[in-house]
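Asker: This structure is in structure tokens; I'll ask about it shortly.
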Amino acid sequence: MTQTQPVTPTPPASFQTQHDPRTRLGATPLPGGAGTRFRLWTSTARTVAVRVNGTEHVMTSLGGGIYELELPVGPGARYLFVLDGVPTPDPYARFLPDGVHGEAEVVDFGTFDWTDADWHGIKLADCVFYEVHVGTFTPEGTYRAAAEKLPYLKELGVTAIQVMPLAAFDGQRGWGYDGAAFYAPYAPYGRPEDLMALVDAAHRLGLGVFLDVVYNHFGPSGNYLSSYAPSYFTDRFSSAWGMGLDYAEPHMRRYVTGNARMWLRDYHFDGLRLDATPYMTDDSETHILTELAQEIHELGGTHLLLAEDHRNLPDLVTVNHLDGIWTDDFHHETRVTLTGEQEGYYAGYRGGAEALAYTIRRGWRYEGQFWAVKGEEHERGHPSDALEAPNFVYCIQNHDQIGNRPLGERLHQSDGVTLHEYRGAAALLLPMTPLLFQGQEWAASTPFQFFSDHAGELGQAVSEGRKKEFGGFSGFSGEDVPDPQAEQTFLNSKLNWAEREGGEHARTLRLYRDLLRLRREDPVLHNRQRENLTTGHDGDVLWVRTVTGAGERVLLWNLGQDTRAVAEVKLPFTVPRRLLLHTEGREDLTLGAGEAVLVG
């Protein structure tokens, strides 16, 4: 009988090299088809075994809580670890075909026939992100079906696919932000090789692929790390999602940094978007964000690391060495401008041409000003002068800003927003890095609602938790808020691809193609230097001017209700009169309500 291990035992020195595949936990196929090495770390179990294809085998202790066994089985073998007689899923599993509570499958990453050897990544300045939820992007909701849409995205003019989280989570549907087994791609979307095929196909078309990862919490069902060692977690801090991940524990750091490397190395993703980085709490000497950036940039090639962070901290780039930041202020000022809405966190924004001009010029709205919203009272943000324009990721819609509304309605479906205003939204012509959400380019009629698949008390708790989280928005108290656990809520959110070629959908799609073509081909707009940009306003007309050695471009967006002639707009410079684009497709220099033009 194996003796009880001390709390948080230290693995042998040979297991401190994170990059060495010979020290990986989980199931690792051996070279030449010689079998599979099964390995785990536990601080609590007295007896340890592995059950492979129904047969149980006692594992050998290597000291320091490490157990190992090599068996003559290959890819496709199913297994569970057995801790003190209890069958326990592997939190390092590379695939969980039957879900997060089931057996893992041995996966050999080396058998996929990659064809992207000539792909060397994408620079952030060249990125036009297109956010995709695999389950609702196509009727089938699979990796293979998503791959069939890649030629359309290439023709549209986007350059990088931003995939919502894929780490395995409980249930048959969900957004992905309740991942429980970080190393296993979500099985209902397809097998690991299907995901590899999606990335490979994108690279063949010249499209980058980025993955959204969640390293601030685990989902409420299906995470078994604490069964192996409670020290993965801590009560020194917590979040709305539960106990904190203890990044002072070397195995937790290794779990996350190794996971990041896996997505980039084994699946060929071009970069990662880190969800909610304010909640990646770490009191270690080197913050986990800094270590992640170092790990990713040392992989070779062009790999990018982006943060979703509302704090407006340039240090994320200048100190932690991340590459870019999903910022909220541009979206929030745009939404308040178009809708007049000032509930919840929108209360901190005033909207209008002047506010948008300031936000675009400075990168974000808050750079040290006082923030007093939702019970918070503090200075927010710091000046962003050290950042380049591409460091800011701008959007007018994303999964949160649509899905966290009571009915999951899109911006153009909001009260008071006309299609003229929606089409006039200017993010694609700014030097910041733009992001579109699936279907945005044709003003999709389908919502994107919050959905999950948790039964019983857990499902009820998730639903009630959302109402509490967004209690500052009056719509969440209504009886018409969709039930997140109902399958129909998920089905409602699937894109209707048939509508995009008709009526106003087709008209909007043509505009997005034209905007992205200009962004790509225009010699002035293609220059992303922030110092070339000036902004201002004349009443309700926002102007954004870009001047480079290649010429001058001026964007004018009428945010008022009165029609304005471009010649009548008072500007501190002479306005060029050559029309390059009118958001309503006209050939005149007149701005109706919500309309925009680009001149140069």
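Using N, Cα and C of the backbone, Cβ positions are placed for all residues, glycine too.
For ASP275, the entry in Swiss-Prot reads active site, nucleophile. The active site, proton donor annotation in Swiss-Prot covers GLU308. Residues annotated as substrate binding site in Swiss-Prot: 273-278, 328-332, GLU376, 399-404. Swiss-Prot lists 1-34 with the feature region 'Disordered'. As annotated by Swiss-Prot, site 'Transition state stabilizer' applies to ASP400, with the evidence given as a curator's inference.
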Asker: Which of the recorded positions listed here (ARG273, ASP275, ALA276, ASP328, HIS331, ASP400) have a Cα atom within 10 Å of the Cα of GLU308 (active site, proton donor)?
Answerer: ARG273, ASP275, ALA276, ASP328
Asker: Near GLU308 (active site, proton donor), how many other Cβ atoms are within 10 Å of its Cβ?
Answerer: 20
Asker: Using Cβ-Cβ distances, find the residues under 8 Å from ALA276 (substrate binding site) that belong to the same chain and are at least 6 apart in sequence, listing them in sequence order.
Answerer: VAL214, ASN216, GLU308, ASP309
Asker: Just to verify a number: CA distance, ASP275 (active site, nucleophile) to ASP328 (substrate binding site), in angstrom, no decimals.
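Answerer: Pair distance, Cα basis, whole Å: 13 Å.
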Asker: Sequence gap of 6 or more, Cβ distance under 8 Å: name the residues on the same chain that satisfy this around ARG273 (substrate binding site), in order along the sequence.
Answerer: GLN162, PHE210, LEU211, ASP212, VAL213, LEU306, ALA307, GLU308, TRP326
